[in-house]
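Enquirer: This structure is in structure tokens; I'll ask about it shortly.
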Amino acid sequence: MPNSLDRRSFLRFAGSTALGAAALPLVSPAIGLAGLGRGQNAAQETRMMMGTLVSVTVVDPSPAKAQEAMNQAFAAMAKLTPVFDRHRPGGPVAAFNAEGRLNDLEPRLKAVLELCMAVQQSTGGAFNPTVAPIIDTVRASFLQTHQPPSRSQMATAVAKVGGVNYDGQGLRRTKDGASLTLDGVAKGFIVDEGLAAAAKAGAGHVLINAGGDVGVIGDRGGKPWRVAVADPDHPTQAKMTVSLTSGALATSGDYEVYFDQERLYHHIVNPATGRIPGSGHSVSVRAPKASLADALATACFVMPPAQAHRFLAARPSLEGLILTRFGQRYQTKGFAV
């Protein structure tokens, strides 16, 4: 039986108010602003949002323009955070989970739900936004008993998965106790919206890092952004760095939110069985959008590592790095380019 954490440690590692955010510090992008080209200036700031540290960096010849674009990015992200947080009283996801029905969805919530459906279909159900009952059951069991849930408790939770219907306009609960979580995609989507806001303000060189979900527009003024991938055994250290001049990188790991000292029970679960993936340690995905990278990092963590590697390698717009608990490494050819 895995060793349990005391209540204080549990609350530290299993904080339930974040949008799937890492509870431990993650390696920040290796931005290297000291190497900016002549005539380039940078605005850079880090704020606490979505239960994690979010940094925005804008490079531009005009300091004022860089600052304004950075401020617009933060404003856009702050506005969206309550929309997707299932723990936020009065928020639409929390309202649906309480009432079992939600109509007249705002456009960006629809966009996220449609992405969820597409990723769920393409991954054979490895990604599923209705896994909240499983995650909540595991969390509650460790909080109350310091032990994993019983088989009957887990079976009850698994039976609720899939009990949410989205018809393109509204949400409806179809199984008692079913609930929705967008934690596996919302952080990435919010990064995408922050980048869009910065671009609308005229910025062409932007990096946003939201607790390990990284999205960029352009380079950092003539050079690629260098982004660190956390070492899952030492999460505040870098396993490797990759270059980005467009697109996004997201990582899911067992070191982010976990409920026991061995990290055998954590926030990434198999929607079909309720089981925690046994070999997964860390999955990083590069994709055109942070929202897609975020969702696929979760889905690929759920898949067996070799299957996840085949899934990513078969899609030209995707790259990935998969690290297992047993020291295995699966990496697509273009991941570190």
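Note: Cβ is positioned from N, Cα and C throughout, glycine not excepted.
Since we're looking at a predicted model, the values are computed, not measured.
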Enquirer: Need a hand: TrEMBL gives Asp294, Thr298 for Mg(2+), which of Gly184, Gly194, Gly202, Gly204 is also on that list?
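Expert: For Mg(2+), TrEMBL names Asp294, Thr298; of Gly184, Gly194, Gly202, Gly204, the listed one is Gly184.
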Enquirer: Which one of these binding-site residues has the most other Cβ atoms within 10 Å of its own Cβ: Gly184, Asp294, Thr298?
Expert: Asp294
